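**Student:** Swiss-Prot lists these features:
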BINDING   Cys15, Cys18, Cys37, Cys40  Zn(2+) binding site
BINDING   Pro118, Thr119, Gly120, Cys121, Gly122, Lys123, Thr124, Leu125  ATP binding site
DOMAIN    3-56  domain 'ClpX-type ZB'
Amino acid sequence: MANNTGSDSKNTLYCSFCGKSQHEVRKLIAGPTVFICDECVELCMDIIREETKSTGLKSADGVPTPREICKVLDDYVIGQMHAKRVLSVAVHNHYKRLNHSSKTDIELSKSNILLIGPTGCGKTLLAQTLARILDVPFTMADATTLTEAGYVGEDVENIILKLLQASEYNVERVQRGIVYIDEVDKITRKSDNPSITRDVSGEGVQQALLKIMEGTVASVPPQGGRKHPQQEFLQVDTTNILFICGGAFAGLEKIIAQRGKGSGIGFGAEVKDPDARGVGELFKELEPEDLPKFGLIPEFVGRLPVIATLTDLDEAALVTILTEPKNALVKQYQRLFEIEGVKLTFTADALTAIAKRAIKRKTGARGLRSIMEDILLDTMFELPGLEGVEEVVVNEEAVNSGAKPLLIYTEVTKKKDATAS
């Protein structure tokens with residue numbers, strides 16, 4: 001409420017928000033029993049502007065276009081153009097479907113996504129970046145920890161609970177969220193033969209996931225844990241939640257290559273050696289019928305109509321990942337050293353050597369951080385206790401032979417050392 005008393009006059013008016021008098025501001029806008037000054041209006045505008053900016057890209061109908069989505073993905077994920085295009089179109093269509101569902105009699109079905117690619121090629125990062133662009137609740141689940149309801153392990157409904165927690169229990173927002181299920185290749189059917197024992201972490205989990213992926217009203221205990229009769233449940237409709245499943249699918253390339261062997265017939269036919277092509281190249285030839293042979297049940301494959309395959313990251317792509325994205329590893333370590341007042345430099349040869357080590361380890365982009373930690377560990381340990389260090393240079397020898405990075409001292413320190421000697 002505005003204060004009606006002032007130091008110079010009883011009629012002086014004050015801003016109800018910051019308390020400044022009408023003489024201290026340019027304008028004071030009156031409302032029913034309240035006043036707001038021009039400075040507070042400006043502040044409110046800034047807050048609204050920031051909030052609007054943080055909600056990500058929005059086109060005329062509230063959904064970013066596929067090109068806009070792909071452009072933002074390019075800032076964070078290097079390469080994988082085909083996968084980015086597939087994801088951009090699928091996500092755009094999914095949220096366009098939600099925004100226009102009541103405007104027509106034609107019911108548009110949901111298109112969940114399956115990402116297939118080698119370890120460290122960017123599957124998880126793609127899903128995380130999508131959620132950031134769209135400003136929707138996002139959660140990740142590890143398929144290896146899931147079991148059928150009633151067995152030791154996590155129920156599939158715990159995934160929805162995590163999504164609820166990510167949205168601070170806003171059920172309406174949850175029902176437009178994104179769930180990324182990692183390691184989905186680890187819940188494949190253990191055997192083609194019927195077994196006396198129940199497969200609770202393989203086919204059983206696939207069966208349990210079918211319902212929430214297709215769309216059901218899940219009863220989720222608000223505080224987590226096991227369900228009990230006296231507990232109140234939150235009802236969450238999963239019909240409009242977008243599910244993205246990802247996995248390395250090691251061994252799937254052999255099934256694809258085996259299927260392709262029959263195509264080379266006759267004396268002039270070209271028969272390619274499967275080993276001559278990379279895993280990512282073989283994944284490009286994937287057909288939906290290859291997945292049941294790998295161990296996914298046909299009903300589960302049917303719930304994932306959009307399939308995007310990712311390729312192996314080559315040496316050039318790994319060097320780009322180290323230096324170019326917004327959160328590039330080199331930029332992160334340079335910032336750490338900058339806090340100590342030291343410049344960190346990597347030579348071109350050093351970056352190439354790091355990329356080669358990651359390829360040799362077969363860990364993709366995921367292995368880059370551990371390699372960087374190994375190289376810089378001793379330097380980061382000693383640096384806070386050293387005086388006069390101006391720059392740290394990581395060269396090829398530091399990567400390949402375990403030599404310490406070069407330390408460059410300031411001129412003042414050099415002169416002091418010369419005087420002391």
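Using N, Cα and C of the backbone, Cβ positions are placed for all residues, glycine too.
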**Student:** Please report the distance from the Cα of Pro118 (ATP binding site) to the Cα of Cys18 (Zn(2+) binding site), rounded to the nearest angstrom.
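**Tutor:** So the Cα of Cys18 (Zn(2+) binding site) lies 56 Å away from that of Pro118 (ATP binding site).
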**Student:** Neighbours of the ATP site Pro118, Thr119, Gly120, Cys121, Gly122, Lys123, Thr124, Leu125: Cβ within 8 Å of the Cβ centroid, same chain, sequence order.
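**Tutor:** Sorted by sequence, the hits are Gly117, Gly246, Leu310, Gly364, Ala365, Arg366.
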**Student:** Which of the binding-site residues Thr119, Gly122, Lys123, Thr124, Leu125 has its Cα closest in space to the Cα of Cys40 (Zn(2+) binding site)?
**Tutor:** Leu125
**Student:** To the nearest whole angstrom, state the Cα distance for the pair Cys15 (Zn(2+) binding site) and Gly120 (ATP binding site).
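**Tutor:** Cys15 (Zn(2+) binding site) and Gly120 (ATP binding site) have their Cα atoms 56 Å apart.
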**Student:** Just to verify a number: CA distance, Cys121 (ATP binding site) to Cys37 (Zn(2+) binding site), in angstrom, no decimals.
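**Tutor:** Just about 53 Å between their Cα atoms.
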**Student:** Using an 8 Å cut-off from the Cβ centroid of Cys15, Cys18, Cys37, Cys40, can you name the remaining same-chain residues around the Zn(2+) site, in sequence order?
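**Tutor:** Here the non-site neighbours turn out to be Ser16, Phe17, Gly19, Lys20, Val25, Leu28, Phe35, Ile36, Asp38, Glu39, Val41.
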**Student:** Return the residue, from the listed binding-site residues Cys15, Cys40, Cys121, Leu125, with the maximum count of other C-beta atoms within 10 angstroms of its C-beta.
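**Tutor:** Per the Cβ count within 10 Å, the most buried is Cys121.
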